[in-house]
Every structure is written in structure tokens, then in C-alpha cells.
Amino acid sequence: MAHLDRTNSSVPQIELPESDGRPAWNSKLQYILAQVGFSVGLGNVWRFPYLCQKNGGGAYLVPYFILLLLIGIPLFFLELAVGQKIRRGSLGVWNYVCPRLGGIGISSLMVCGFVGLYYNVIIGWSIFYFFQSFQQPLPWSECPIRRNGTFAFVEPECEKSSATTYFWYRQTLNTTSTIAESGGLNVKMTVSLLVAWIIVCLAVIKGIASSGKVMYFSSLFPYVVLFCFLVRGLMLKGSVDGIAHMFTPKLEKMLEPQVWREAATQVFFALGLGFGGVIAFSSYNKIDNNCHFDAVLVSVINFMTSILATLVVFAVLGFKANIMNEKCVTENSEKILGYLNANVLSHDLIPLHVNFSQMTVTDYAEVYGVIKTVKEGGFADLGLDQCLLEDELNKSVQGTGLAFIAFTEAMTHFPGSPFWSVMFFFMLINLGLGSMIGTMTGITTPVLDAYKVKKEYLTVGCCIVAFFCGLLFVQRSGNYFVTMFDDYSAGLPLTVVVILENVSVAWIYGTKRFMQDLEDMLGFRPYSFYFYMWKYVSPLCLIVLITATVIEMAISPPGYNAWIQELVSTPVDIASLIFSLTLPLPLSLTMLLQCVDMRSYFIRSFSGHDHQSRLKCK
């Protein structure tokens, strides 16, 4: 322990920087909205509801909330405090603590770059759907009709799937059958991506002077839309079924390790930890700002937004499930009627009160049960579906499948569907824009701190380079690359970045010294709870999370769902492990070199043979 104390003393106390003319937020509200806009993103709308459904409904909220307290709020508070105290971006913060920790900031900046490349593509997709929504009827409401002379027929590819699925894969993405087949650039998506980058560039070109004003709208407008959708959704038939299904707790799920791993991952990414955006935004605060209050407030807002989005999603999906179930009943009733007319089934099997022209779900369940009992041997040959509402509600969907297929299909059944479609995709654009502003700030702020370059030139240059790099994602095979980057480019590297941040503050700089710095900065000493979280609990949780993630990557073969025209859709297993590991490789290598450097540094410090080296760490 004496060695540890000696090592900590070799890293100098963080001193309050003198006034450096750094830009500042116009108000506390503007800053809070910026942090909320960055942390509340597309994942709150299409990832959290899926995880909640998959992992036990209401029971999933218990591990999520526990892990929010154990790793979410403490680490969010740590990033806010470090950024506010040192008043620099992610690269400058760790260089300031000790130059040998600079690799953490570099890694964070690189992950921001990877994520920003594909995240803005999703905004581009939303922009395309937004403009397509100004039509009546919506272009994805029905399958297209093809003509061969005087003969008209429904597009076979659409008939095998659905109108919304066909519009997404064929008319929007025009996707290829494999990731290896480029197919060339998709012009519509290329233009959409260009528009997305122009919007992001204009939002961040003046730094927080421009992005802060944008946040007033982009952070608040999604809540207006979510509340409107919630009110409208609750008025739809079947919405209560969806919400009840969503929050019915399956308590046995809480005992599964996978549920806790996915809850920890969602907490981790929901708050935007490790990207550098949190540190960058906080660095523009006044030195005595109560960042502890900010950490708790933003975390609670983020959590409540996820709950609100889940209510909205499953109110609407409950409505869609009822429509699909009634359609199933109608189609199977026609089958039964056909069997009755062909004398395959006896009319005596049908209860007298059943009316085939107005078959209810209850009546169909009764008829189905009778036929299944009587025709036990040949029942399978009849090809009848049970048409259970529970089966429709159990069809889990997430990500682009939720936003651009399932939710879009549900909106086609709304009265005034174009209006709701415009509102929905405009909300997605604003959610994505808030996150992109934070991501771009996480990239530009460290560079502006380190080099004397004009903010406008740097921003425009970054956006131009990012647009051309992003052309990878707007090929006809681009959707597959978006999926691969989303799965592998950020998860593990970000987790490693955050655990290194945690260890750097708690074990290298020293938790006691950091608590004292916070007391000097805030005017009060934070709860001892944070001391133990930072020093023991959070690092342990992150180590377990990293281990579980590596094991999951090793035992689960990487793959993607390919849209094959003849088969409509099929999962494809590919040897993409090399690809998945190639993306984090520069980050891991950077951090490995830093760790080796730090290890030798501490060995010299322990032995007392490198006094000069220790004095340089300032």
C-alpha cells in the first residue's frame, strides 16, 4: 500500500487552470440540454424497448436501475468532474493528468470517428423517409403493381415479405445479396448523407455558440413528439395489450447473467461514456458548477426517456399486433370456410353462434380448438394458424427494423398517417443530431485544445473527410457495413477506454486526492459512496463486462441478415471476426503501448530509480 501511495504522489495535484478565454455556455439550461441531447439518442427509442421485451419485461428494469447506480452515475459524474476541473477535451484532460495517459484520449477520439461515420448515415436514412412522408398514401403502404402487357400482378419480392419491408430493402437501400457485392453507390442515399453532414456541419461550425442554440430545439422537440405519440397510441385499439405485455415482469429472467450483461452495456452506452463528448461539453462549464447534480439529473432524464419511449413503442406495436392478429383470423376463417364448402370439414363442427362474415378472435379460438380436437390426425395438413395475440407481441424487433419497418408499418394504419410519419422521422433526425453534435464536439474540442487552428476550418474539414469516408455505407451493400460497425467498432474499445479512465483517476491519480479536488471545486465533499464505486465496484463491473463481451464474441459466430431477392431474407454467417477485431485494433494497440509505458514507469517509480521521469508527469 505504501508503494501505491508513493506512486500516486508522483502524479501532481490537479490545479485550477487560470482564465484562458475558453468559451462558456450561455446558461445552465443550455448546458443541460446539450448533455441530454448527447446522451438521449436513437438507442433510447429502438434499443431499450427491445432489451426490455427480450429480458423479462418489467423485471429488466431492476438490473438496469441497479447498474445505473453502480456504474452509470458514478462514471458519468467522473467524466463531468474531470472535464470541468481541467477545462480541456478528452485528449488534453489525460495529457494534463499525465502525458503517459494520452493514449486514452486518442482512443476515445478514434472511436468517436468510427461511430460518427455510420451514425450520420442513419440520420441520412431518416431524412430520406422524412421527405418521402409528404405523400398520401405513404409510398410504403402498399406493394407496387407490375404490368406485363394487359396482365397486372403484385411485385413478387414484396408479396413474399411486406410493403414496408420491401420499400426499406429494395426501394430505399436497393441492397445487394452479400456484403462482398458492392453494387455501386446508391444515389438517393448518397444525397441524403450529404444533407445530413451539411446539417451537422452548420450545427457545430461555431462550437458551442452554434450547437448550444440548436440544442434548445433538437433536445426538446423529441419529447413533444413522444408525448403526442403516447396520447395518440393510447387511443388506439390494442395499445393497452402492448403496454401490459411489455411491463409484465418475468422474474426468472433476472437470474440469467446475459440479462445483467446487456443491462450493463445499455447503461454504459446510454450515457455516452468514453466518447469524449461528455468531457468536452463539461469543459466549457464554470469551475464551481455543481456537476454532481448534473450527473444525477441527466442520468434520471435519460432513464425516464427510455421508459417513455418504451411506452410509446409498445402502445403502437400493440395496435399493430391487433391488426395483424385480426388479419390472421380473417385469412384462416376463409380457409375454414373453403374446407366446409369442399366437405373437408363438417358443418356440425362449427358452433351455431359463429358468424364467418364477422369472425371475432374469441370465436376463431373456439373453432380452432374444436377442429384441432376432432381432426387430430390430419390437422397439420389443414395449414391453420392459431392466431394468438401473444405470438404477435413476442416478435422482437430492434434498430432499423423497428424504426423503418415495424413502426413505419404501424403508422400506415393511423388516420392522417403522413402527418405522424413526418413527425416520427423528424424526431429521429433531431435525436440523431443531438448525439452527432456531442460526437463531433468530442472530436473537435481535443484538436482545438492541442493545435491553433480555426474552429470553422477544422469543422468543415472533418465533415468533408467524414462524408467521403461515409460513402462506404451508402453503397448498395452499405447497410451490412452499418450493422458491422454498430456491432463491433465501439462496444469493446469504449469499454476499455472507460475502465482506463476509471483506473487512471482512482488508482493512478488517487481517489482520495480526487475527492479532495472535488471538495475544493464544488464546495462540498461528495458522498463516500462514490469513493468506493470509483475505487472498487465500477472497475470490477467493467472487468466483468469486458470478459463477458470477449467470451460472447468468441462463442457467437459473427454474421448478418442478408436480403436475398429469391429468399427475401436469410441470416448469413461470415468469417468476419478478423473484420470485427480490425476496427478496435488501433485503439487496443494505442492503449496497450500506453499500459506498457505506464507499467515500466511505475516499476521505476516503485524502485525510486527514475525521479526525473516522475517529475515530468505534469
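Note that Cβ sites are derived from N, Cα and C of the backbone, with glycine treated the same way.
Within its own chain, the transmembrane segment (31-49) has Cβ neighbours under 8 Å at 25, 122, 208, 211-212, 215-216, 218-220, 222, 246, 266, 269-272, 277-278, 281-282, 284-285, 294, 297-298, 301-302, 305-306, 309-310, 313-314, 398-400, 402-403, 428, 431-435, 437-439, counting only residues six or more beyond its boundaries. Annotation comment: TrEMBL describes 31-49 (among others) as transmembrane segment.
The Na(+) 1 binding site annotation in TrEMBL covers GLY37, VAL40, ASN302, LEU431, SER435.
For ASN44 (Na(+) 2 binding site), the same-chain residues 6+ apart in sequence whose C-beta sits under 8 angstroms from its C-beta are ALA270, ASN302, THR305, SER306, ALA309, LEU431. The annotation Na(+) 2 binding site is assigned in TrEMBL to ASN44.
Taken from TrEMBL, the feature transmembrane segment covers 61-82 (among others). Long-range neighbours of the transmembrane segment (61-82) within the same chain, counting only residues 6 or more positions beyond its ends whose Cβ lies under 8 Å from a Cβ of the stretch, are 52, 93, 254, 259-260, 263-264, 266-268, 270-271, 273, 278-279, 282, 291-292, 294-296, 298-299, 303, 307, 498, 501-502, 505, 514, 518, 521, 526, 529-530, 533-534, 537-538, 541-542.
Here TrEMBL flags 103-131 (among others) as transmembrane segment. Beyond its flanks by at least six residues, the transmembrane segment (103-131) meets 42, 89-95, 172, 188-189, 192-193, 195-197, 199-200, 274-277, 400, 403-404, 408, 421-422, 425-426, 428-429, 432-433, 435-436, 439-440, 442-443, 446-447, 466, 469-470, 472-474, 478, 481-482, 485-486, 489-490, 493-494, 496-497, 500-501, 504, 583, 586-587, 590-591, 593-594 of its own chain at Cβ-Cβ distances under 8 Å.
Residues or ranges marked as transmembrane segment by TrEMBL: 191-209 (among others).
Here TrEMBL flags 216-235 (among others) as transmembrane segment. Counting only same-chain residues 6+ beyond the ends of the transmembrane segment (216-235), those with a CB under 8 A from a CB of the stretch are 30, 33-34, 36-37, 40, 203, 305, 308-309, 311-312, 315-316, 319, 414, 420, 423-424, 426-427, 430-431, 433-434, 437.
Here the transmembrane segment (263-284) has Cβ contacts under 8 Å with residues 22-25, 31, 34-35, 38-39, 41, 43-44, 47-48, 51, 55, 60, 63-64, 67-68, 71-72, 75-76, 79-84, 86-91, 93, 105, 108-109, 111-112, 115, 208, 291, 294, 298-299, 302-303, 306, 435, 438-439, 441-443, 445-446, 490-491, 494-495, 497-498, 501, 541, 545, 549 of the same chain, all six or more residues outside its ends. Summarising the annotation, TrEMBL assigns transmembrane segment to 263-284 (among others).
Taken from TrEMBL, the feature transmembrane segment applies to 296-317 (among others).
Taken from TrEMBL, the feature transmembrane segment covers 419-445 (among others). Below 8 angstroms of C-beta separation, residues 34, 36-42, 44-45, 88-90, 108-109, 112-113, 115-116, 119-120, 122-123, 126-127, 129-130, 133-134, 138, 199-200, 203-204, 207-208, 211, 214-215, 217-219, 221-222, 225-226, 228-229, 232, 272, 275-281, 283, 403, 407-408, 411, 455, 458-459, 462-463 of the same chain, each at least six residues beyond the ends of the transmembrane segment (419-445), sit close to that stretch.
Among the features that TrEMBL reports, transmembrane segment is placed at 457-476 (among others). A Cβ distance under 8 Å defines the sequence-distant neighbours of the transmembrane segment (457-476), meaning residues of its chain 6+ beyond its ends; these are 113, 116-118, 120-121, 124, 173-176, 181-186, 189-190, 192-194, 197-198, 200-201, 204-205, 440, 443-444, 447-448, 482, 485.
The transmembrane segment annotation in TrEMBL covers 488-509 (among others).
Sequence annotations record features per position, and here TrEMBL assigns transmembrane segment to 529-554 (among others). Here the transmembrane segment (529-554) has long-range neighbours at 67, 70-71, 74-75, 77-78, 257, 261, 264-265, 268, 491-492, 495-496, 498-499, 502-503, 505-507, 511-512, 514-515, 577, 580, meaning same-chain residues at least 6 beyond its ends whose C-beta is under 8 angstroms from one of its own.
Residues or ranges marked as transmembrane segment in TrEMBL: 574-596 (among others).
Sparsest Cβ environment among the binding-site residues VAL40, LEU431 (other Cβ atoms counted within 10 Å): VAL40.
Through the fold, the transmembrane segment (191-209) approaches residues 23-25, 34, 120-121, 123-125, 127-128, 218, 281, 284, 433, 436-437, 440-441, 444, 448, 455-456, 459-460, 463-464, 466-467, 470-471, 473-474 of its own chain, all at least 6 residues removed from its boundaries and within a Cβ separation under 8 Å. Each of the binding-site residues ASN302, SER435 was scored by other CB atoms within 10 A of its CB, and the lowest score goes to ASN302. Other residues of the chain with a Cβ within 8 Å of the Cβ centroid of GLY37, VAL40, ASN302, LEU431, SER435, the Na(+) 1 site, are VAL36, PHE38, SER39, GLY41, ASN44, SER219, PRO222, THR305, GLY434.
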